[in-house]
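Q: Here it is, the structure, as structure tokens.
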Amino acid sequence: MKDCEYQQISPGAAPPPASPGARRPGPAAPPGPGPGPPPSAAAPRWSSSGSGSGSLGRRPRRKWEVFPGRNRFYCGGRLMLAGHGGVFALTLLLILTTTVLFFVFDCPFLARHLTLAIPIIAAILFFFVMSCLLQTSFTDPGILPRATVCEAAALEKQIDNTGSSTYRPPPRTREVTINGQVVKLKYCFTCKMFRPPRTSHCSVCDNCVERFDHHCPWVGNCVGKRNYRFFYAFILSLSFLTAFIFACVVTHLTLRSQGSNFLSTLKETPASVLELVICFFSIWSILGLSGFHTYLVASNLTTNEDIKGSWSNKRGGEASVNPYSHKSVITNCCAVLCGPLPPSLIDRRGFVQSDTVLPSPVRSDEPACGAKPDASMEDTCQDFAISCTA
Ligand SMILES: [Zn+2]
Ligand SMILES: [Zn+2]
């Protein structure tokens, strides 16, 4: 199987990452002809304003407490969720309400008149759905840490060194070749780095997310590299659960109405009618979503790429193929759903090391933070491309 996972591009002078959990992924580098920031893996990727002199008598702060994105953290940073969790609460409410009503008002009758397997199957499906949903919602979707203050200062220095009195925006794209396909890397002005391939900045969460699929308010999180498999398992199992409950409730109502008026049976079982309505109106969208994501998994595409048409008739009708596809449905499915789960790059529980991010050296003539001139940038892009085609 080809390995299309990109490798870290070292801008040059920086030391290698200290730990896998804190490494700097992707071709992170400042724009323009100047030096690139180092990975500086030991340093946190965001600043802690005011904490530089706060070590005396102050509780050391963890990184989730100064996280710059719009996420909310729980359990001391162990769990994270997008900023707006209202729709996620509605998802939980709908699933819990429907399933509890089913167990209370339908399962006793069905177990008595048909088989005990019905509540057992429903329970297994329900626990699988809930575990997939919670893993999708509370897992880091693959957020990339932002550039440090030091790296941002190095960028400002490069802009100053252009000699222009007016602000000139740095070049916003780089190009790399992946499996023979030219892929553009866009610069993220919020995160101060070039986004690795398939990475996009979520406007809701305000983070760059690797292999960004979409932001899903129903699960209250971005769907990306680290939680896509859970999301896919969630919608697939939810399709089965919804169809199962719908079929069982119809069977229940049919058996109950034998020898009597069907309308009077509906009046006797309002809870079953409510389940029927919820399942009927939700099953179409859930089934459609499952089918669409099955197509995406089989093609090794993301929703983002599919909507943008990244690999279809690009550049005025010129044929373009998806460079990440393994040309085989089974291999694509294995790569998307069964590949190794990369570690989270935002060390949420780590402590802020403010002294390592202060931009004090940027006044010197030397490139800040150990960065070196940009002669290596093109090389690193090419290294990056080669690593993607391995
Ligand atoms: Zn970004
Ligand atoms: Zn998001």
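Start at 1 and count along the chain as shown; that gives each residue its number.
Keep in mind that glycine also has a Cβ here, set from the backbone N, Cα and C atoms.
All annotation found in TrEMBL is predicted automatically rather than curated by experts.
Found this in TrEMBL, in case it helps:
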- 1-61: region 'Disordered' (REGION)
- 27-41: compositional bias 'Pro residues' (COMPBIAS)
- 79-104: transmembrane segment (TRANSMEM)
- 116-134: transmembrane segment (TRANSMEM)
- 184-308: domain 'Palmitoyltransferase DHHC' (DOMAIN)
- 230-253: transmembrane segment (TRANSMEM)
- 273-298: transmembrane segment (TRANSMEM)
Q: Which residues, given as numbers and ranges, are at least 6 beyond the ends of the transmembrane segment (116-134) yet have a Cβ under 8 Å from it?
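A: Residues 91-92, 95, 99, 102-103, 107, 110, 219, 230-231, 233-234, 237-238, 240-241, 244-245, 248 contact the transmembrane segment (116-134) from elsewhere in the chain.
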Q: Taking helix as H, G and I and strand as E and B in DSSP, count the residues of the domain 'Palmitoyltransferase DHHC' (184-308) in helix, strand and coil.
A: 72 helix, 19 strand, 34 coil
Q: Across the whole of the domain 'Palmitoyltransferase DHHC' (184-308), what does the mean pLDDT come to? Round it, please.
A: 90
